[in-house]
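Feature annotations, reproduced from TrEMBL:
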- I:10-64: domain 'HTH cro/C1-type' (DOMAIN)
- I:R87: active site (ACT_SITE)
- I:E90: active site (ACT_SITE)
- I:S113: active site (ACT_SITE)
There are 10 protein chains.
Amino acid sequence: MTKIEMTEEIILAKKSKGLSWEDIAGKVGLSPVFLTSACLGTNSLKPKAATKLCKVLGLSGDVLATIQEYPMKTWDFGIPQDPFVYRFYEITGVYGETMKEIVQEKFGDGIMSAIDFSLDIDKEEDPKGDRVVITMNGKFLPYKSW
Amino acid sequence: MTKIEMTEEIILAKKSKGLSWEDIAGKVGLSPVFLTSACLGTNSLKPKAATKLCKVLGLSGDVLATIQEYPMKTWDFGIPQDPFVYRFYEITGVYGETMKEIVQEKFGDGIMSAIDFSLDIDKEEDPKGDRVVITMNGKFLPYKSW
Amino acid sequence: MTKIEMTEEIILAKKSKGLSWEDIAGKVGLSPVFLTSACLGTNSLKPKAATKLCKVLGLSGDVLATIQEYPMKTWDFGIPQDPFVYRFYEITGVYGETMKEIVQEKFGDGIMSAIDFSLDIDKEEDPKGDRVVITMNGKFLPYKSW
Amino acid sequence: MTKIEMTEEIILAKKSKGLSWEDIAGKVGLSPVFLTSACLGTNSLKPKAATKLCKVLGLSGDVLATIQEYPMKTWDFGIPQDPFVYRFYEITGVYGETMKEIVQEKFGDGIMSAIDFSLDIDKEEDPKGDRVVITMNGKFLPYKSW
Amino acid sequence: MTKIEMTEEIILAKKSKGLSWEDIAGKVGLSPVFLTSACLGTNSLKPKAATKLCKVLGLSGDVLATIQEYPMKTWDFGIPQDPFVYRFYEITGVYGETMKEIVQEKFGDGIMSAIDFSLDIDKEEDPKGDRVVITMNGKFLPYKSW
Amino acid sequence: MTKIEMTEEIILAKKSKGLSWEDIAGKVGLSPVFLTSACLGTNSLKPKAATKLCKVLGLSGDVLATIQEYPMKTWDFGIPQDPFVYRFYEITGVYGETMKEIVQEKFGDGIMSAIDFSLDIDKEEDPKGDRVVITMNGKFLPYKSW
Amino acid sequence: MTKIEMTEEIILAKKSKGLSWEDIAGKVGLSPVFLTSACLGTNSLKPKAATKLCKVLGLSGDVLATIQEYPMKTWDFGIPQDPFVYRFYEITGVYGETMKEIVQEKFGDGIMSAIDFSLDIDKEEDPKGDRVVITMNGKFLPYKSW
Amino acid sequence: MTKIEMTEEIILAKKSKGLSWEDIAGKVGLSPVFLTSACLGTNSLKPKAATKLCKVLGLSGDVLATIQEYPMKTWDFGIPQDPFVYRFYEITGVYGETMKEIVQEKFGDGIMSAIDFSLDIDKEEDPKGDRVVITMNGKFLPYKSW
Amino acid sequence: MTKIEMTEEIILAKKSKGLSWEDIAGKVGLSPVFLTSACLGTNSLKPKAATKLCKVLGLSGDVLATIQEYPMKTWDFGIPQDPFVYRFYEITGVYGETMKEIVQEKFGDGIMSAIDFSLDIDKEEDPKGDRVVITMNGKFLPYKSW
Amino acid sequence: MTKIEMTEEIILAKKSKGLSWEDIAGKVGLSPVFLTSACLGTNSLKPKAATKLCKVLGLSGDVLATIQEYPMKTWDFGIPQDPFVYRFYEITGVYGETMKEIVQEKFGDGIMSAIDFSLDIDKEEDPKGDRVVITMNGKFLPYKSW
């Protein structure tokens, strides 16, 4: 079973059970973003979480095995096209150098890890239009000399 | 005066005064990220903020005019190379589709605006290594039918 | 059912009924451009419009469900090749900076939204050759400081 | 004198006279979009309009000659980066095939000319946020068999 | 039936009848280049020509319908690879600016249409090696001011 | 003296003498396209033609030497942007495979040389709009087995 | 039968007969490089050679017909990846301009034909490591003025 | 002194002395291709050869030092544009896989070195048109298991 | 059997036997990296190693033949996307020029072979986080003059 | 002072003192690779090391300040061209997936850090040709769930 076939099976089960990603994540005991990324095939689950997920969705052992495999992470376009995804590319272009300046002033020379990292999404209600709040939290990794 | 010449002049003044971006932003009354992005030439300042900035840094009328000009926002590489900036590109690739799933489940079909938008950076102290916390806050823009 | 399979089924039904996109849009109560974009898979329909469309074309519940899904919007070529589509890319290249100048002079620093947006197409009869009239109407989104 | 030097001289004169593109276009007797595109170097002016422009801005014979030269039209990025310009690229990607369907149903097989073409920009006031209205008007060119 | 399936069916019929493109074009009453481009799927035929073509080749109604559809014109490589096709790309690179100079001196600022356009191919016999003669004939489209 | 400096000097002299490319070509005894391509730096002239050109334009020995140098032929964009030049790229994409079919049916397997090659441009007057006529004449080079 | 299917059939037959490309080329009476390129689908064979090849390999009439078709020559990567093939790309990059200098000094302004062309491969035994010897032989094509 | 400045100085001296690359190579005792590549900046000379070259051309110590520096080898275009250089790219595309087949049949799995490598250029006189003969000689490097 | 089918069969057998790459490599008598690269299809095995591998995994003669074939080495993305693989691309960008400086100072002008080459991976236990140790060992190939 | 000007000044001083990178690194108390990368502008030095470096090379305060600045790390080519650097790109392509398999089997799902990372270069003498030994040592960063 490929990761793609796994995702298709999960989405079918999710639809037929009428569950949201947030519902499933709550039952499995993980954040919605991490759980969804594993279901879409860009992260792997530990055995315990995988077992819970399959129980929640009533899925077979094939999904159980495949979701624990370490994925090759790839994406379709060098420069993303879907407007939702593109805006994050644009933010990287417009604010990348600015973020580097601020972080390096606060932490020294280094980067924010994208591996020892979490990402959460909240909804901020606002009468002028609700707002999406995205919080990224990554370990600062300092460059070392040797 | 081009935006690039303006940035050079600002950075020289900033160094000679020994101020951080955070110091300057505090005195101008803007967030560090926005203030820095304007100084690096990817945002413009309103007249009042521009005047304050020039006073804080002891800068001439050329900077005062140039920092109020609306910039053409561009960046050097389609796919960023500097490791700090690249990690945000990687996050977009790895989590882009996942974020789209979660946001659309919470808000309906639409995007997070990168224009009606703010971005803040905090330092979370942690004995296992300090962490960078980035908060993006953008208005949700629903697709409309017509 | 994928969006591609949905489009194929819609086009077959449209041909066998001998309806134009304009005919269908009129019966569904949407503009031709928006209705067509949903049928080609780059927009989603609200439940009511989806139900009407399926009734007009005599289509099954699969189409009804699929046309309400939020699409991942992608296109085949970074730089379009078909001469009809390319001309819009060329207009963006030749007039992009000019439009930015004019809009920013009229509205301040900001962009025209491509999400809170509509697009209509008319035919202007002209003895020297009929003319295509395309009207884009997008909300102005001002850059904000924070 | 290159087109780039010409544009710099025009913009300096425009600033020192405190005129908008719309003001200048009104005095020269052309639409703001066309006049601006010629000043930015992507269109040429006829002798009469060039003479008027130079009179309005108090400019020398070098500008008079250079603005009449037929430009080589190029732009900086295959895929535009500035958010204002990018949105038009995105519209081309998302609605390109839809526009082709609608235009070909209304006119037959062919394209909208980007040469025998005009483009106008209006401001539509709206309490929920003003709107940019862009009208493109291009001759339909049918494909011919031979 | 897709355009690709149509092309395959036409080529099979052409081979089994032992006809050249020139033979078929003569019987249909079109130029060989235009007729071939329609059979390869980059142009559409008018109903009368389509009917004649199907009669000449003994083909079914599917081909009759498909060859009248307006094609989405695309090609495989941004920069062509086959040596025959590449040479035209090279000619465009080497002589493009020169042709612009000459045409603009003869006609004013504008372009040669690639839509109101025909292309013919002849063989010029020469003892030192026969020569390919390609004649392109396109309407001159002047840039207009507005 | 580089080819670029040579071109600038030739164009200045051409303007000050009020000559067209066709005038100059006539006096030098070459076709306008070839003469212009040499002046723009993508072909070299033989000594005799170079001497005549310099005499016609009253130019110095530097131009005389530089126009005889064999150029490195390059162009600015992989996919051309100027609308005049782009149309030839588009013709290559739309008609490339068709031309290959026709030429190979008439001549066998091979290509049209872009080196043993000439290109001429004519104006065909037409009440519905004048037409550009481009004639390419290249030696057929058959693939050989060995 | 496509060229790809043809290649697969030839390679199966070649393996089952235990013949090398050199063996086959010797029996067909062509050079190993040319014969192999035709079998891999980037050249076509004349009827006589095609007949001999099919006899040597015991192949059907489908291969006989397909190997005589004029191929569309394409390759998978703009910049090759396989180390064997990449080295030739590297040689072109490192020595391209040098070869141009030397050839033009010896022959005048022009190119080496890649069509009226042959390529042979030999093995030079050497105690320090055998050497690959590649000989390219192409007609010099001089640029002509017209 | 950069390699580019060095090349300019060498070419000026070469022109003023009226020497060909072959003449210089003969006096220095190297092959014309290697000597030229060093003068164009893509190879370095050993001290003895560098001294001879400077003596032959009457050049200063700056050239003497710079031509001994190990160059960073780069070239301008991923896909070459000049027709002379492009033909080698095309040969790599058309014959790359064929050469791999033949070499691997003769030598086993491995590549031809582009470092332990020489390249020579000869002129073969031919009444039907002289021919360029290019001989590449590179050490075969077998893949090893470990 | 293609290399891809071979890899799939090997991975299934490996999973069902519960062996690691290191286990298999130990039994076959090769290093884990080389053995794995052959199983993933980017290197070939000698007959003896191939036979052992098939015995260890209980695989058929198809795998035995296919793993001895010399592979065409290709990869999916010009710039890798998976974070694990990308970091090596980043190291090449950040340290490439530095490695060239150091190696050339130690060895003279030349390169490290990627063919006469081995690569090993070790785990260095560390209480602050285990470390990956990668050792590359390639023959130095000096540039030669000729 | 830019990083590029700093590098030029360092290299001049290094040449005039006749020191190797290894010599300088020894005196500064850093590894040759790290020291060289800082001098070439892709890493920054801590104050103490910077002071030592300037003393060793007899350099001014400008270099002292600039070498402590945190660099924007970029490189010239998406796909490297210089043969020395390219081989590392090739190794990433050929062995990237293999290294991922081996590391993940030894460590679990994660990556080797390119930030908490060191790289050393040794020379292994060998009568059949000396060998370059490159040792990379990076912290393993496990993917975490959250």
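Including glycine, each Cβ sits where the backbone N, Cα and C put it.
Automated prediction, rather than curation, is the source of TrEMBL annotations.
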Please report the three-state DSSP label of I:E90 (active site).
helix
How many other Cβ atoms are found within 10 Å of the Cβ atom of I:E90 (active site), counting all protein chains shown?
23
Taken over the domain 'HTH cro/C1-type' (I:10-64), the model's mean pLDDT:
96
Is it possible to get the count of other C-beta atoms within 10 angstroms of the C-beta of I:S113 (active site)?
21
When the domain 'HTH cro/C1-type' (I:10-64) is classified with DSSP, how many of its residues are helical, how many are strand and how many are coil?
39 helix, 0 strand, 16 coil
For the active-site residues I:R87, I:E90, I:S113, return the ones with C-beta distance to chain H below 8 angstroms, or 'none'.
I:S113
Cβ atoms near I:R87 (active site) (within 10 Å, other residues, all chains):
24
Going through the active-site residues I:R87, I:E90, I:S113 in order, which have a C-beta under 8 angstroms from some C-beta of chain B?
I:E90
Distance, I:S113 (active site) to I:E90 (active site) (CA atoms, angstrom):
20
Between I:R87 (active site) and I:S113 (active site), find the distance joining the two CA atoms and give it rounded to the nearest Å.
21
